[in-house]
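Take a look at the structure set out below.
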């Protein structure tokens, strides 16, 4: 029964994406009269950067796993966790899934941490923190960091719910979340007491991952052109690129759908925003984040302080839930789509609740200061 539910959700999402592709393609034929085709172009524009980062890391993942296994396996066995948990350091669509599957002793645990957990914790480490640091205005960084802290605190809850949704026994879920909880606590402590240092460490880690991606795509391309195997334990680059091409197809349909959704519900969203104490920009940011955190980070200069905190917390858990991460899950594990979304939404809702409760008086304090 659970399998049928997952497949039906997968089919519904494919239909929604197909509708978006038709709408975007039709608008492109009319020279973007309704500006929906521009979102389709935006989706195509993401293909190049994704090829450079994702395809390279995906190809290198088996080799990285082979090199790390001698050191990681004894440590994780000592605490009773699966070595696949190491994949949480990377975003699910930036090598986290492949690394988890390559290290795994249990494929179910690898799917749980490599998709659900890595989409939040790894995505925050390799994308949201370094990109947000570069895009958010310096005077807004304390509020951005506070939101990141609140979002990270919600990750273990969402990840555990994702595992429960998969039907994994509770004892296995909990023991394999010990490293997740520890890493979350370290990040929370770092953001609380030394945010500058933690951001620099994360930036250095993200830079290293980017360079590994370049190395991977370079080696893979040369092997493809020459037919020579340069290194063993290397996934052919064309296989990795096929996954990225599938992700691109989802994006060129989902981005127009989100654009249509925002236009149709703009007035409603503004009314909801006013009722819950958010400005229009902050309310829109919550929606945009579900496709990508980048436009939301750019919008933060026009948000209230409370809006920045809430959007940052939401971005940790639900960034790209209908964007690149969704397209990746559909490409590699379509039956995991409901567990993936359940994990992110559970964490996202908890992050929003915490953020709303802890920022109730933020704007009032700001007004008194002024």
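The backbone N, Cα and C atoms fix where each Cβ goes, and this holds for glycine too.
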TrEMBL annotation (transmembrane segment) - matching range among 31-49, 50-68: 50-68
CB contact flag for the transmembrane segment (241-265) and the transmembrane segment (336-358), at least three pairs under 8 A: no
Remote residues contacting the transmembrane segment (109-131) - C-beta distance under 8 A, at least 6 residues beyond either end: 82, 84-85, 87-94, 96-101, 103, 148, 151-152, 155, 158-159, 162-163, 166, 168, 172-173, 176, 180, 183-184, 187, 199, 202-203, 205-207, 209, 293-294, 297, 315-317, 319-320, 325, 329, 333, 336, 339-340, 343-344, 347
Closest-packing stretch to the transmembrane segment (308-330), where packing means Cβ pairs under 8 Å, from 12-30, 172-191, 336-358: 336-358
Long-range environment of the transmembrane segment (50-68) - Cβ separation under 8 angstroms, sequence gap at least 6: 86, 90, 93-95, 98-99, 101-103, 209-210, 212-220, 231-237, 239-241, 243-244, 247-248, 324, 328
